[in-house]
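Q: For reference, Swiss-Prot lists these features for the protein:
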TRANSMEM  33-53  transmembrane segment
TRANSMEM  77-98  transmembrane segment
BINDING   HIS83, HIS182  heme b b562 binding site
BINDING   HIS97, HIS196  heme b b566 binding site
TRANSMEM  113-133  transmembrane segment
TRANSMEM  178-198  transmembrane segment
BINDING   HIS201  ubiquinone binding site
TRANSMEM  226-246  transmembrane segment
TRANSMEM  288-308  transmembrane segment
TRANSMEM  320-340  transmembrane segment
TRANSMEM  347-367  transmembrane segment
Amino acid sequence: MMTIRNSHPLIKIVNNSLVDLPAPINISTWWNFGSLLGLCLITQIMTGLFLAMHYTSDIASAFNSIVHIMRDVNNGWLIRIIHANGASLFFICLYLHTGRNIYYNSFNQISTWTMGVILMFLVMGTAFMGYVLPWGQMSFWGATVITNLLSAIPYLGNFLVQWVWGGFAVSNPTLTRFFMIHFLLPFLIIGGLLVHLLFLHQTGSNNPLGLNSNQDKIPFHPLFSYKDLVGVLIIMSGLLLLSLLSPFLLGDAENFYPANPLVTPVHIQPEWYFLFAYAILRSIPNKLGGVIALVLSVSILFILPLSSKFKMQGNQFYPFNQIMFWVFINLVIMLTWIGARPVEEPFIIMGQTLTCSYFMYFILNPMISYLWDYNLN
């Protein structure tokens, strides 16, 4: 007799994705981050909806509405802090998830990978819009600096900047549209996520050995669902500990001041999870070149399926590529650190060196793997 989870049209879809999904028996903890990203997205949407009920998207009262949420709304302080630190957790999981896919060459599943990179852009856009909403000093100047980069586009630049701003400066129309886009994008991300999962379940998951696992798969539940629950408990515990013990650790002190167009902060910088891209932007002396490098810092991930033709699936079989990969991870960490430093020597030359090294990885890595395959033959 068929159970309801196998017969009901809607429940059957969920069942085939979460319960009876055939999963490789040997996938490790590194495969947990997909479900953790889903959890982060749900957490952000739930906390965001409650914040939107009390937030006012008007430059005269936006900052005060945040103060109102923190002081007067029942548990508003907790909701806001979980939402702010949840974004950091989201990006930690996102970067670990991306790093794992690069290491194990999961980008060979081209449709899934392409959709994943598009989702990364959408999440980055959502986070940037959200950073502007408190209308503190760093919110205002961050929005001014980043949106002003559009002016580097030939011919259309100035028109695009004024179109995004809704005027001749970052002002009320800018805040209103940023709030609207910040509210809508997560729902677009949910749609993209479903497409991402659809593509993934067409081919099945990769595994640490990089071998075809069709002969040796088990249902996702109960083993992997309980395994994912361990990850959920760990990251949610970490999020709560951070939010309750040191809630503003990852924020910027400048944002405790209301936005003032007449006073420029000493060091304008985005949130920590964008600092690697910001360091790449700053390392190019030319404005247009910097914008191109900024976009390429993430969009270069699109070329990985085209440039990397490994005979074996995954860096675990390529010792020199493993070294290259961990050097690349260290480059990203160092770029993040450089992005938070002032624009002065020796940080300028260090940023330029690290930027060159960052992009060289995507050129050298396929060449080294080709040489290794050639030697094995």
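Placement of Cβ uses the backbone N, Cα and C atoms for every residue, glycine included.
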Q: Which Cβ among the binding-site residues (HIS83, HIS97, HIS182, HIS196, HIS201) has the fewest C-beta neighbours inside 10 Å?
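A: Selected from the binding-site residues HIS83, HIS97, HIS182, HIS196, HIS201 on minimum Cβ neighbours within 10 Å: HIS201.
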Q: Sequence-remote contacts (6 or more beyond its ends) of the transmembrane segment (77-98), Cβ cut-off under 8 Å?
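A: Distant contacts of the transmembrane segment (77-98): 30, 33-34, 36-37, 40-41, 43-44, 47-48, 50-51, 66, 69-71, 116, 120, 123, 127, 130, 235, 238-240, 242-243, 247, 250-251, 271-273, 301, 332.
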Q: So which of 33-53, 113-133, 347-367 is most in touch with the transmembrane segment (288-308), counting Cβ pairs under 8 Å?
A: 113-133
Q: What stretch in 33-53, 113-133, 178-198, 226-246, 347-367 has the biggest tally of Cβ pairs under 8 Å against the transmembrane segment (320-340)?
A: 347-367
Q: Spatially speaking, which of the binding-site residues HIS83, HIS97, HIS182 is closest to the residue listed as 'ubiquinone binding site'? Use C-alpha to C-alpha, please.
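A: Closest by Cα distance to the residue listed as 'ubiquinone binding site' among the binding-site residues HIS83, HIS97, HIS182: HIS97.
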Q: I'm trying to understand the geometry here, so how far is the Cα atom of HIS196 (heme b b566 binding site) from the Cα atom of HIS182 (heme b b562 binding site), in Å to the nearest whole number?
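A: It is 21 Å, counting Cα to Cα.
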Q: According to DSSP, does HIS201 (ubiquinone binding site) sit in a helix, a strand, or coil?
A: helix
Q: Sorry to bug you, but what's the C-alpha spacing from HIS182 (heme b b562 binding site) to HIS97 (heme b b566 binding site), rounded to the closest Å?
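A: One finds 23 Å between the Cα atoms of these residues.
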